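Since the structure comes first, as C-alpha cells, the remarks are kept for the end.
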Amino acid sequence: MIIHLTQRPLMLHLVPEQDTTPPPAARQRHRAVAGGAIDPKQLLASLPDAVRKLHPRVMVRNPVMFVVEVGSVLTTLSAVLDPSVFTWLISGWLWLTVIFANLAEAVAEGRGKAQAETLRRTRSTIVARRLQTWRVGMDRRDWEERQVPAAELRPHDVVVVEAGGTVPGDGEVVEGVAAVDESAITGESAPVIRESGGDRSGVTGGTKVLSDRIVVRITSRPGHTFLDRMIALVEGTSRQKTPNELALNILLASLTVIFILAVVSLQPMADWAGAPQTITVLVALLVTLIPTTIGALLSAIGIAGMDRLVQRNVLALSGRAVEAAGDVNTLLLDKTGTITLGNREAAAFVPVQGVPHDLLADAAQLSSLADETPEGRSVVVLAKRYGIRERDEGELAHAYFVPFSAQTRMSGVDFAWGDEICRIRKGAGNAVVQWVAARGGSVPTDARWIVDSIAAGGGTPLLVAVEDRDGARVLGAIHLKDIVKPGIAERFAALRSMGIKTVMVTGDNPLTAKAIAAEAGVDEFIAEATPEQKLARIREEQAGGNLVAMTGDGTNDAPALAQADVGVAMNTGTSAAKEAGNMVDLDSSPTKLIDIVEVGKQLLITRGALTTFSICNDVAKYFAIVPAMFSGVTGYEGLEKLNVMGLHSSTSAIASAIIFNALVIVALIPLALRGVRYVPSTAHALLRRNLRVYGLGGLVAPFAGIKAIDLLLQLVPGM
Ligand SMILES: Nc1ncnc2c1ncn2[C@@H]1O[C@H](COP(=O)(O)OP(=O)(O)OP(=O)(O)O)[C@@H](O)[C@H]1O
Ligand SMILES: [K+]
Ligand SMILES: [Mg+2]
C-alpha cells in the first residue's frame, strides 16, 4: 500500500468551476458554425464529394436516389442513340438531381470536417511518458519512464503527465491532482480539476495539464479513444441509420416500387392508345412521381441533427438516443457532481459531547489516510489545520485500509498491535450507527442532532466512530460542504414547462437530499440510493411507459446511464460513466437536456415536414407530365383539361417538371441543415401547422415553379 499524501495546492481552489452557462469562448464557437445559412463556397467545396458519392455501391443505400441514378443512365443511353435537345436536357438534369442529393449529404458532412481536422492534428502530435517497469527496492517502489507515441498506448498502461504536457490517452487519474485545460475537446477555456479517487478522475486524451503532476491509467484501446470517437462523430463516418430513419426509408422504397410498377404498366396502355412513350419520358414520369425531395435530404437531416448537438457541446454516440430525446418525459439526475459542483470538502469537525476536537480530528485523519476520494483527501487537509501531524509509513505498517464503496458508504482503517485491535470508520450517518450498534456500542443522543443539523443545511455529514478495548462509540461528525451549481433552478423550471419531470437520485441521506432538492428546484428526490436502486427507478419509469433520460457522472451512475433511453454523462465524470451513456455533455451542465430535447424534437419535425412537402409536391408534377404524354392522342383529349398550367409544349412540360424536381432539392438544403424551427406546443398543434405550411406549400409551389421554368424553356430552340 502506497501512502501518498497529496496536498491539494491552494491555487487550485481559486480556479473557477464549470458554470451552467457556456463561457464566451465556447459560445463563440457555437455561433461560428451554428448559422443555418450555407454559403455558396461550402456547396462548391462539397461538389467533389458529391460526385464521388455517385458510385453505385454508395447510392444503393438510398433506394429512391438509386432509382434516379439508374434512370439517368438509361436516359443518357437513349440520348446517345437518339440525340435531341429534349433527351439531353432530361438526362443532364437527372444527373444533376442525383448530384444535388449527394451534395446535401456532403455539405452536412463537410461542416464537421474542419473540426475533425483540428482534432486529428491534436491527436497525432502527442508523445506519452509511459511508466514501464516497477522496480521494488528495499522500501522503495519505482517506475522507469519511456517515451512512446500516444497511438501505442494500451488499456492498463500507466503514464505520467506534468504541467505543460498533453494527456496522451483517455484514462483515470490514479495519483495526484491537477488543473487541466480541456479546451481542445470542449471549447471551454476555464481549466478544470482532475484528481484521483472520486467522480472527477476521468481525463481525456488531447487535453493539457496546466499545473502539478498526475499519474494516469489508460482505459481506451488504440483507435477507440474519445478523440477518435469525436472525429468519427463530427465526420459522420460512424453514423448508423436510426430505427425511425429505417422505417421512413422502407416507406419511401415501397412508394418507389409502387410507382415503378405503375409506370411500367402504363406503357402497354399508351401503346394500345397509339401513343407509345419513349424511355426518356417514362423515366421522367417515374422520377417526378417518386419522393425524391425527402429521399435526397433524409440523410442530411440526420447528420445536421447530430451536428447541432455537437455545436451545443454534446457528443451523441447514438442517433436513436437523439430521436428518443424528442419524447423524453422524465429526467433523473444524481446529486454530487451533477446538481452540485462535486467539490465536496471537509469544512469542520463536530465532536459529540465529551470528546475533544483533536481526538476526533486525529481519528478522522487516520481513517482517511488511504482514502483516495476527494472527500478523504480534504479530511486529511482539514486535520492538519487542527495540528494533527502526518503519520509515516513505519507507524502505519500494521494498518489495514478499508476503501470507500457506494455499497457500504463507509471507509476507514484497522490497526493491530499484538492482540490489540483498533478500528476506525467514517461514513454516512446510518451506516456508521449500524456499524457501532453491531459491535454493541452506543450512539450518544447529540450525534443524531449533529448529523441532522449538518444535513438540514444541505451539507453531507460523515460520522466518525472507533472500536478499541473500550468498545465501539461515535466520536463526532465531519461536515462536508458542496455547492449547488448556479442558475440551476430556472432551468429546471424550463424543463417543467416542457413537460419533463426531474428526479434527483442520490446516495446521500434524506435530509441533505431534501435541502439540496429544495435549493435546486427538482420535482422529486430519492435519497440513500444504491446503484441498483438508481437502475430500478429507471426500469420502473420505463415500465410505466415513460421515456427516461439520466444525467450522471459517477461510476455508481453507470448502470443507470446504460439503462436510460437517453444517458447523458458529464464530461467531468468517470470513464465508466462516459462509456455507459449514449451522450457526453462536454459542458457538464445538468440541464443540457433542454438543448438535447430541442434538437431531438427539431429533428423529428424537420423530417416530418419535408416528407409531407415531398409527397405533396409530387402530386402537382403529375398535372404537368400526364397531359403532356397524351397530348394530341385521340381518345385522350379529356386529359388536356389537366394541363391547368397551360404549358408551352409536351417536351417543355416534362423538362420543366424534372428541372423543378431537381431545384427543389437545392432550395431545401438550407432548411434540412438548419432544421424547422421548434416552438414548444402540443403535438396536435404542431401537426396542424406542418400540414398547413408544408402540405399546402408542397401542393402549390410546383405550379408556380414549373410554369416559370416552362416560360424560360420556350426560349430554347427545339423545345
Ligand atoms: N470517502 C468517503 N468515506 C466515507 N463515506 C463517504 C465517502 N464519500 C461519501 N461517503 C458517504 O457515502 C454516501 C454515498 O456516497 P455516493 O458517492 O454513493 O453517493 P453521492 O455521491 O453522495 O450521491 P450521488 O449519487 O448523488 O453522486 C455519501 O452521501 C456519504 O455519506
Ligand atoms: K419526385
Ligand atoms: Mg456521484
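Keep in mind that glycine also has a Cβ here, set from the backbone N, Cα and C atoms.
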Query raised in the report: Of the candidates LYS335, LYS426, which does TrEMBL annotate as part of the ATP site that also includes ASP371, GLU375, PHE404, SER405, ALA406, GLN407, THR408, ARG409, MET410, SER411?
Result: LYS426
Requested in this report: When you get a sec, could you say which of 62-80, 347-365 is annotated transmembrane segment by TrEMBL?
Outcome: 62-80
Query raised in the report: Between the transmembrane segment (693-713) and the transmembrane segment (279-303), do 3 or more CB pairs sit under 8 angstroms, pairs being 6 or more residues apart?
Result: no
Query - Top Cβ-contact partner of the transmembrane segment (86-104) among 246-267, 653-673, 693-713 (pairs under 8 Å) - result: 653-673
**Report entry** Cα proximity to ASP557 (Mg(2+) binding site), best match among recorded positions ASP334, ASP371, ALA406, THR408, LYS426
**Finding:** ASP334
Query raised in the report: Out of ASP334, ASP371, ASP553, ASP557, which of the recorded positions has the smallest number of neighbouring Cβ atoms within 10 Å?
Result: ASP371
Query - Inter-residue C-alpha distance, ASP553 (Mg(2+) binding site) and ASP334 (active site, 4-aspartylphosphate intermediate) (nearest angstrom) - result: 8
Report task. Go through the recorded positions ASP334, THR408, LYS426, ASP553 and pull out the ones with a Cβ less than 6 angstroms from some atom of ligand 1. Result -> ASP334, LYS426
Query raised in the report: Roughly where does the domain 'P-type ATPase A' (141-235) sit in mean pLDDT, to the nearest integer?
Result: 88
